[in-house]
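Novice: Below are the structure tokens for one structure; questions will follow.
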Amino acid sequence: MRAYHDLLRRILDDGVAKHDRTGTGTLSVFGHQMRFDLAEGFPLVTTKRLHLKSIIHELLWFLAGDTNVAYLQSNGVTIWDEWADEHGDLGPVYGRQWRSWAKPDGGSVDQIAWVLDEIRRNPDSRRLVVSAWNPADLDRMALAPCHCLFQFYIAERRLSCQLYQRSADAFLGVPFNIASYALLTAMMAHVLDLEPGDFVHTLGDAHLYSNHVAQARQQLARDERPLPRLRLNPEVRSLFDFRYDDVVIEGYDPHPAIRAPVAV
């Protein structure tokens, strides 16, 4: 995970102080890219413990097209609670855009199903793109998409994914995002009978909140540990049939968690 630690160092060394929507203040850099070869291990940060249940359940929730926190809460995941309304709704956020992008004629587009089918039909396509950034729906979203567009690429029977993230909370959010999209790539490769390739993470505004700087320095003082391995249930043949118990992370031995406040 050296690429992630290099991001933290770059922000600490070169970041510019900026104001932000939350009023917390950040150190920020613009334009940064990381690359993770998924054959080398599952890219989970080891210099602090991540909450695996949240990562896995959130991705399954996205893939189900769900935009209410009830499923997450029933599985002990609270990462979206701060943005939900009194009914648990978040508006047309990620799951809605991924699975049911509204069309002008009243219909909808299932972008995930489409990209799976298109990979099977035309693996060399340069249109293997899924977008969560729908300007017509932004005002109705509890939180505008931070990780807003991703593209797949197939070469030598390896499936790679590149994510563009417009806004990247480097301490709390980015480790989750890396793991989530690495997991999505591996799950898609599994059902497509491909091997996982690279996960490429391209960041726009990459920032450390002012109240995360000390925690980032603490994390960088720790030694990295070997990456864990991902094991998926071989009996699952549809992306939409995965359940929590079908995803197993083996050999995850991180340093203790480092607490930091969420900027809302």
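Numbers here mean position along the shown chain, with the first residue as 1.
Glycine is treated like the rest: Cβ placed from N, Cα and C.
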Novice: According to Swiss-Prot, ARG126, ARG127, ARG166, SER167, ALA168, ASP169, ASN177, HIS207, LEU208, TYR209 bind dUMP; identify which of ARG21, ARG35 is listed for that same site.
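Specialist: Of the residues offered, the record points to ARG21.
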Novice: If H, G and I count as helix, E and B as strand, and all else as coil, what does DSSP give for ASP169 (dUMP binding site)?
Specialist: strand
Novice: In the structure shown, with every protein chain counted, which of the binding-site residues ARG127, HIS207 has the densest set of Cβ atoms within 10 angstroms of its Cβ?
Specialist: HIS207
Novice: Could you find out if DSSP has TYR209 (dUMP binding site) as helix, strand or coil?
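Specialist: SS state of TYR209 (dUMP binding site) = strand.
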